[in-house]
């Protein structure tokens with residue numbers, strides 16, 4: 001695959017804007033597509049995102065509401081919520097050239113179908129090359145040019161390398177991989193585990209409990225990954241252990257802060273602060289997929305039960321602490 005000189009970013013929220021900034025700093029021609037008229041007008045007039053106040057858009061970034069214009073780019077970064085990805089890709093499908101890389105930048109699993117992000121892309125745009133970008137990265141850090149490393153994966157090795165090269169800037173370092181399943185699985189699973197870690201923090205159960213929750217959560221991530229075909233080295237890498245460690249340690253993570261609010265006794269609507277964390281949607285799907293392969297995932301199961309109103313936070317914690325003793329894996 002040749003050089004990817006133009007990049008379109010679909011989604012003008014915090015993460016989309018941050019990735020557009022990165023691509024521009026890497027020397028790419030960047031188009032930032034935003035479907036919401038108000039947000040698009042603000043981006044154009046103020047040259048900054050409402051979600052990243054104080055961060056000026058790079059001068060070379062062009063903002064548009066025209067999907068056809070964005071679709072002409074050499075590669076497209078799809079920075080939209082996991083549950084609307086299929087709708088966006090379906091709209092894109094007739095507009096893109098064959099073998100255009102479509103890079104999912106959301107971390108989740110589709111409700112009802114149990115499809116991962118690249119599977120949705122493959123189904124909705126069969127002529128495209130599906131890819132995934134994931135890893136320990138907060139939008140505010142990336143937008144401000146702070147050092148960040150992520151993984152970009154595609155089954156087409158040349159495509160993965162070209163995407164990594166296209167997004168590489170002085171502070172944003174992408175590693176490339178062909179383990180698509182491992183990369184997207186790590187990001188989706190950690191969303192749920194970060195809620196559990198946040199509950200521990202919100203309940204003020206202490207640093208020891210938080211370390212135990214994070215470590216045993218990683219065991220669940222590895223179990224799930226092995227069962228669904230991920231490579232062990234990917235799960236120990238940026239998109240697995242790296243992302244989990246970050247999101248289980250700071251309220252900058254929406255899933256962690258959501259869990260903290262639940263741990264303090266807030267209801268789900270109050271804890272969401274107007275926008276539910278992706279882990280809320282992933283938890284029941286993750287549980288169904290774990291049950292389908294008889295994977296033991298007690299922490300994820302407890303989170304799903306709390307979010308589904310089947311267990312209180314205290315009952316979930318007690319259930320985990322009273323499980324039969326076993327050898328450490």
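Cβ atoms here come from the backbone N, Cα and C positions, even for glycine.
According to Swiss-Prot, the active site, proton acceptor annotation covers 190, on the basis of sequence analysis. The Cβ neighbour count for residue 190 (active site, proton acceptor), using a 10 Å radius over every protein chain in view, is 32. Taken residue by residue with DSSP, residue 190 (active site, proton acceptor) is part of a helix.
Summarising the annotation, Swiss-Prot assigns NADPH binding site to 15, 35, 107, 139, 254, 276, 278 and lists sequence analysis as the type of evidence. Long-range Cβ proximity for residue 35 (NADPH binding site), meaning a same-chain Cβ under 8 A and a gap of 6 or more residues, is found for 65. In the three-state DSSP scheme, residue 35 (NADPH binding site) is classed as coil.
Cβ neighbours of residue 254 (NADPH binding site) (same chain, under 8 Å, six or more residues apart in sequence): 275, 277, 278. Residues or ranges marked as sn-glycerol 3-phosphate binding site by Swiss-Prot: 107, 135, 137, 190, 243, 253, 254, 255.
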Using the alpha carbons only, what distance in Å do you get between residue 107 (NADPH binding site) and residue 243 (sn-glycerol 3-phosphate binding site) once rounded?
11
Alpha-carbon distance [residue 276 (NADPH binding site); residue 137 (sn-glycerol 3-phosphate binding site)] in Å:
19
Closest to residue 190 (active site, proton acceptor): which of the binding-site residues 15, 243, 276, going by Cα position?
243
If you count the other Cβ atoms within 10 Å of each Cβ, which of the binding-site residues 243, 278 comes out on top?
243
